[in-house]
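Step one of this worksheet: look at the structure below.
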């Protein structure tokens, strides 16, 4: 019956009567009504059967006019109406805005809405923008009126239960969604295929952080460690910008850092540095600006080295600076100490230093690519390993006699380089590498420690599993065989143990490891070749699987080491055990006999050894009181006692007494010892005075003037720790372009713009470089060869103006025409994006020609040869700020011009990628827009001081004055072109002046949008543009253009002298002359010797290139000759001038009048003929 009738009268309106057969009712029955009744009647003759009705209301499809097109409930549920969701949220938001009626809404209603919105996240019918809107809306409803939505998370728990136990509805679904998305995206981010997590996952992470999903994740879910770190960073950031209390876990980390830098007599109870009300955002910004601009004022590298001493074999410069092939007593290593390393390790005639920032420097013998600097060259000063400068390295391992190296990053990834025989690099082959390469098979396993031998390698993961690979002879890999392994393989025999330390030997090698952890007693294992008893089990038999060294059971061994055919162990109590081959007295027992079981070094009994290191044939130990002892072979002076006689037993290194050494390391036959200021209190607490503090506050930081230095330092520790924390979770941040707003959710976004000025530069620069380096192409020396005709440039600019149509005849224009040949691969090279052939000039481009072409391009952009830039209005009027700066030419808007702007973006990106600065003087508002900072009225004033006063006058003047002026309804662009603002209004009057001001401001704020977009498009081909959201305008400018001034101390730090010592009188005259140069003259000097006009920002950005000053004897008489330069090699040749005035005169003449890099006496073809041929 389709309609209800009283008294069960269904005689009318009956639509169907059937029997009990399936065929009677198997077809759907459509009833055109909102209600129906049914009745079942049985004659009782059959038992055990019944009826099941399924009623499904149907509704018309949205947007369709055909009445009979319908769909079922399920299809309705699978296609929820997004406009309805928006309208539903509007009801809640409006109620909240208009009154407190939101407070009185039933909690069950709010909960149902939030739950329904959460369920909608799973529907595939919604796009990404709609899902992000849902996440923001849920976050708003959960957090905006938390007391109401609180019941959404409450279960039937007793009072006093934790926050976690209150969540029982929303948490499980969102947590599972988070895990699923994380599992999908995390490998992509980790592998570098994705720089950032998706906008959806970023918003989902923020929501889950707000409702504390991290508190319900089990501690065993290590794969979510990144999200847990983000939660801490997010809450710390919120506290910093809301000026509330920091999370306890963050404060614990800060306290630990402060403990390392503060003096012994400082009051630890004062916690002003934690108070976000005492330290305002403005104060914090000035502090960060101070350390970013003048980092040397603060000693915040609390882990950095104090004094570093080196001695022993130095034939290849492996001590990193000290002169002499054989150094018999410890001498300071100033070049190494300047790096403030946290770790030093020595190899076969090599030394590696790891800094507090995670950069690695190498010095010494380069054969086989063992230095990792991209060649087989040897270097005698520490040289940055550029290819991993973007990675934060925490440990480097090289055997004292080893020729290959492993480096471990803070993310648990392992890099290897050097000699590749036996597969010891772990890349599945036996090929040598002259630069670090990540071991792919260990990715995602989170390695925590690495070790190297002469021919094999080992790594420990976070679960305590041990991997070995390389040469398998004598069973040194522990895999029950003698087979080589070209990739890391887990040692199955130790799978039920937690490995905490491992060491690999050299030659016919052994392997040692320690198992323990989690409160278990440490046990030492050994396997491999057993000659001379180096396995420590009483004989000379080898072993192909790990076996316990019984003698060391119960000795609480904390460290093991392997030299050449001998082994060493250090106990927690400071006892040293040695065993194995005894010649050269390497065991320290007073004889050269072999020892087949671990034996205590008696000469060190009673001293607590805190660190021990082994060379090929000698050992060194640092004891708790800061003294150092050495023993063993001394052919190269590696014992440090001034002789070359071997020492049978440990002997005090007298030259190091009083220096309170805390760390020691050995290479093959060289030794280093150093102290960490942060650990000096472990040696003598009375000496602990804290980190060095500035002597005064610079005048420009006015808000810091009256704050005690200790409080400033402690607050700086807070800000540095926050910066490090946030930079570790950059992929989670919403740095993408904002998605299309479906509607306004009143959501408060993360304060990304405020973050720029609150982050220490080094952290975000490190992440930026890591992304850039991961996409670097290194298999080519340079990009394509492009021909540049500089002669035609001069000819086309004889009368000034553009160099040809649209500047096409300029160097910029000629390079621009080759843009397509540079994309996509050449722009990803680490240097020389193209190789230049200057037509009509005898230049063989080994780097200098490329640098010269870049310098010429920068000149052309600013001298009118190219139509892309224009002087600021302030510059044209000679008033206000930025008079000497340039802005984009908004009149250059044709298709060709936009493509030229894209090429300019390519050049900017290339400068950022290669570290080679561009000398272009753009106004600050331009850099702001390139960094994705929205322009404001202040930015307009910065380039046009008259615009705002003129607008204010129009707003405030009397109506009759406006009428008398008959001012056209137009404004002038920043480039001086008159722009019509309306087709409706012809002149400005009292009725339309507000509209005029609004349109004029809107135009000026968006005048350069098209140009900025094109430049950023070009930059995006080379660098990760979204990351620029973390940089301030000045930081971006410095990254692109280098240091605006030319600090001579930076140039000195990378200088090398040939033919004379650095303290020679001629060299002193040279530096004193440069000191007297103006900034312009210093810029000209740089162009003369390097083809560039600015220095890179730091030593690291020199990419290992030295400024070489050579003083040859070929000039006679020297005062008749000018200096010579070789820009390809950053070299200056100085004649041996008779006095400083002559040197100054010759140098100034050279830099002003010898700008061309064409050093031949004449061009190889006649210039006039060449010009005629091209007319």
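Using the three backbone atoms N, Cα and C, a Cβ is placed for every residue, glycine included.
A simple way to gauge crowding: the CB of residue 1128 (active site, glycyl thioester intermediate) has 19 other CB atoms within 10 angstroms, across all the protein chains here. For 1128, the entry in TrEMBL reads active site, glycyl thioester intermediate.
Annotated domain 'HECT' per TrEMBL: 825-1160, in sequence order.
Residue counts for the repeat 'RCC1' (306-357) under DSSP (helix as H, G, I; strand as E, B; rest coil) come to 4 helix, 26 strand, 22 coil. The feature repeat 'RCC1' is assigned by TrEMBL to 306-357 (among others).
Mean pLDDT across the repeat 'RCC1' (358-411) comes to 92 in this model. Look at TrEMBL and you will find 358-411 (among others) tagged as repeat 'RCC1'.
Summarising the annotation, TrEMBL assigns repeat 'RCC1' to 412-463 (among others).
Residues or ranges marked as repeat 'RCC1' by TrEMBL: 464-515 (among others).
Taking H, G and I as helix, E and B as strand and the rest as coil, DSSP gives the repeat 'RCC1' (522-573) the counts 6 helix, 26 strand, 20 coil. Taken from TrEMBL, the feature repeat 'RCC1' covers 522-573 (among others).
The annotation repeat 'RCC1' is assigned in TrEMBL to 574-625 (among others). Remark: secondary structure over the repeat 'RCC1' (574-625) totals 6 helix, 23 strand, 23 coil, with classes taken from DSSP.
The repeat 'RCC1' annotation in TrEMBL covers 626-677 (among others).
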Contact yes or no, the repeat 'RCC1' (626-677) and the repeat 'RCC1' (412-463), 3+ Cβ pairs under 8 Å, gap 6+: no
Most Cβ pairs under 8 Å with the repeat 'RCC1' (464-515), selected from 306-357, 522-573, 574-625: 522-573
DSSP helix/strand/coil residue counts for the repeat 'RCC1' (626-677): 4 helix, 20 strand, 28 coil
